[in-house]
Amino acid sequence: MGLEINTLAIIPIMAQQHHPRAIEATTKYFLTQATAAAMILFASTTNAWLMGEWEIHQLSHPLATTTVMLALALKLGLAPVHFWLPEVLQGLELTTGLILSTWQKLAPFALMIQTAPTINSSLLIAIGLLSMLVGGWGGLNQTQLRKILAYSSIAHLGWMVLILQFAPSLTLLSLSLYIIMTSSAFLTLKTNNALTINTLATSWTKSPTLAALAALVLLSLGGLPPLSGFMPKWLILQELTKQGLPLSATLAAMTALLSLYFYLRLCYALTLTIYPNTLTATAPWRLNFTMITLPL
């Protein structure tokens, strides 16, 4: 009931722009969330029918646990059921996208933390690694900032799911830092009125302070060492090594490089490029030449 109220309450906010893209995004979001809620209901009913237990902590049948995990992955936008998230986020304005990327993750995450002990650990690790790979790979080819932030969200949630069963406290630390960093990223982009990488390049001439802040936030999302975004990744890799999963830790570190590439590309566009509309000197082709008519 709580999940359904949450879904229905955000739909008018998403559809307030009477624009075909916004309406399309709202419809896609509603259909995916309703499908996920129906899957959760199906899983709990199946568990009650087979095992006689209605508690979410007591999910013991493999069919019920796997269905609940996939339903929550669909709600959060984890791979391999992530396809709706970039499209939906692209159709929304930045403030609504901020709510969708942060607040809307809390309720499914609370359910996921409660059900994690009963879920097969190899399934969680597979979903986490696949989400990190998709989030890194998908963001490489994008020029739209909202789609880049959507793929960034998929990758960050992959880190959280990867460590969920071994150290839930690290998942909560990652989630809180992700919410802070994503909020900062969306709000700086909204202040700059930037939706694509090209418009991001004009930010430096508008406000150098804001551009520097945006660059720091993006590098922190990428997980560069001096910044706060590096801390959860480092702790997660350390915990995975302690749990005897060096291969998963290596793959996670390699996929983090994919995400770091497109964050560095954004920072390059933000700080090291000057948009060509501010010319310091008059270009030769802009000079007024007199037309010379040659005799035939």
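Positions of Cβ are set from backbone N, Cα and C atoms, glycine also.
It should be emphasised that the depicted structure is a prediction, and the values quoted were computed from it without experimental measurement.
Annotation comment: TrEMBL describes 1-258 as domain 'NADH:quinone oxidoreductase/Mrp antiporter transmembrane'.
Sequence annotations record features per position, and here TrEMBL assigns transmembrane segment to 30-51 (among others). Taking Cβ pairs closer than 8 Å, the transmembrane segment (30-51) reaches residues 3-4, 7, 11, 58-61, 63-65, 67-68, 70-72, 74-75, 84, 111 in its own chain, all 6 or more past its ends.
Residues annotated as transmembrane segment in TrEMBL: 63-85 (among others). Residues 3, 28-29, 32-33, 35-37, 39-40, 42-44, 46-47, 50-51, 56, 105, 108-109, 111-112, 115, 118-120, 123-124, 127, 130-131, 133-135, 150, 153-154, 157-158, 161 of the same chain lie 6+ residues outside the transmembrane segment (63-85) yet bring a C-beta within less than 8 angstroms of a C-beta in it.
Feature annotation from TrEMBL assigns transmembrane segment to 118-136 (among others). With a cut-off of 8 Å between Cβ atoms, the residues of this chain six or more beyond the transmembrane segment (118-136) that come close are 57-60, 62, 65-66, 68-69, 73, 78-80, 82, 151-165, 245, 248, 251-252, 255-259, 261.
Per TrEMBL, transmembrane segment is recorded for 148-166 (among others). Distant neighbours of the transmembrane segment (148-166): 73, 76-79, 82, 85-86, 88-90, 97, 101, 105, 109, 112-113, 116-117, 119, 121, 124-125, 127-136, 138-139, 142, 174-175, 178, 182, 185-186, 221, 232-233, 236, 239-240, 243, 248, 252, 255-256, 259, 262-263, 266; these residues of the same chain sit at least 6 beyond its ends, with a Cβ under 8 Å from one of its Cβ atoms.
The feature transmembrane segment is assigned by TrEMBL to 172-189 (among others).
According to TrEMBL, the transmembrane segment annotation covers 210-231 (among others).
Here TrEMBL flags 243-264 (among others) as transmembrane segment. Within the same chain, residues 125, 128-129, 132-133, 135-137, 139-140, 142, 148, 152, 155, 158-159, 162, 166, 218-219, 221-224, 233, 236-237 sit at least 6 positions outside the transmembrane segment (243-264) and bring their C-beta atoms closer than 8 Å to a C-beta of that stretch.
Confidence over the domain 'NADH dehydrogenase subunit 2 C-terminal' (260-294), given as mean pLDDT on the 0 to 100 scale, stands at 66. Under the heading domain 'NADH dehydrogenase subunit 2 C-terminal', TrEMBL lists 260-294.
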